[in-house]
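Features reported for this protein in TrEMBL:
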{"type": "DOMAIN", "residues": "1-91", "note": "domain 'Cytochrome oxidase subunit II transmembrane region profile'"}
{"type": "DOMAIN", "residues": "92-225", "note": "domain 'Cytochrome oxidase subunit II copper A binding'"}
{"type": "TRANSMEM", "residues": "27-51", "note": "transmembrane segment"}
{"type": "TRANSMEM", "residues": "63-87", "note": "transmembrane segment"}
Amino acid sequence: MSTWANLGLQDSASPLMEQLIFFHDHALLILVMITVLVGYLMFMLFFNNYVNRFLLHGQLIEMIWTILPAIILLFIAFPSLRLLYLLDEINEPSVTLKSIGHQWYWSYEYSDFNNIEFDSYMIPTNELPTDGFRLLDVDNRIVLPMNSQIRILVTAADVIHSWTIPALGVKVDGTPGRLNQTNFFMNRPGLFYGQCSEICGANHSFMPIVIESVPTNYFIKWISN
């Protein structure tokens, strides 16, 4: 989760989030190169005394500043498209979780295991344990196995919500009457925090999400109990 004075992205907990961070750094490097080049050209123009009274056109420079940005955009577009298809691909999930957004809590269903269902509410500030996180902790966490392909189905019962876990690179809109799906793969154990990232109605408070990533044998024990 993000902590105080953390200006960068969170440490990734899934391969997809690693790829998103790589793409972010790749695009940022291109932006820095463009900024430096344009800044240098503008700076040098301030000290340029060369004047050509008869210069009416410059076809060569116009070709350069038309073709060069197109090539730069290709260097951004191809990795972006690759990542888009990676995020959308779902391949033989081990566990399917259904998430239903309500005002102002989430409901979860493990339909693979005799329809285990529960609601997940934010813990009020005055009831938080000493090691709890304000506005982020919930009374019922989602328990999922690590190193397993997880599919999540997201919908909503009233207004549009958004199921978002930054450390996993997951953001899915839950729309009433529509079922959206995505997948993620957690490659380490831990607690991963998220929130609804939609402005979903009047008097909106926080709709936190907490995933507890555990080894598979612990998950099987949790399901059995």
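Placement of Cβ uses the backbone N, Cα and C atoms for every residue, glycine included.
Proximity of distant same-chain residues to the transmembrane segment (63-87), defined by a Cβ-Cβ separation under 8 Å and at least 6 residues beyond the stretch ends, is recorded for 16, 19-20, 23, 26-27, 30, 34, 169, 182. Per-class residue totals from DSSP over the domain 'Cytochrome oxidase subunit II transmembrane region profile' (1-91), listed helix then strand then coil: 62 helix, 0 strand, 29 coil. Under DSSP, the residues of the domain 'Cytochrome oxidase subunit II copper A binding' (92-225) split into helix, strand and coil as follows: 15 helix, 64 strand, 55 coil.
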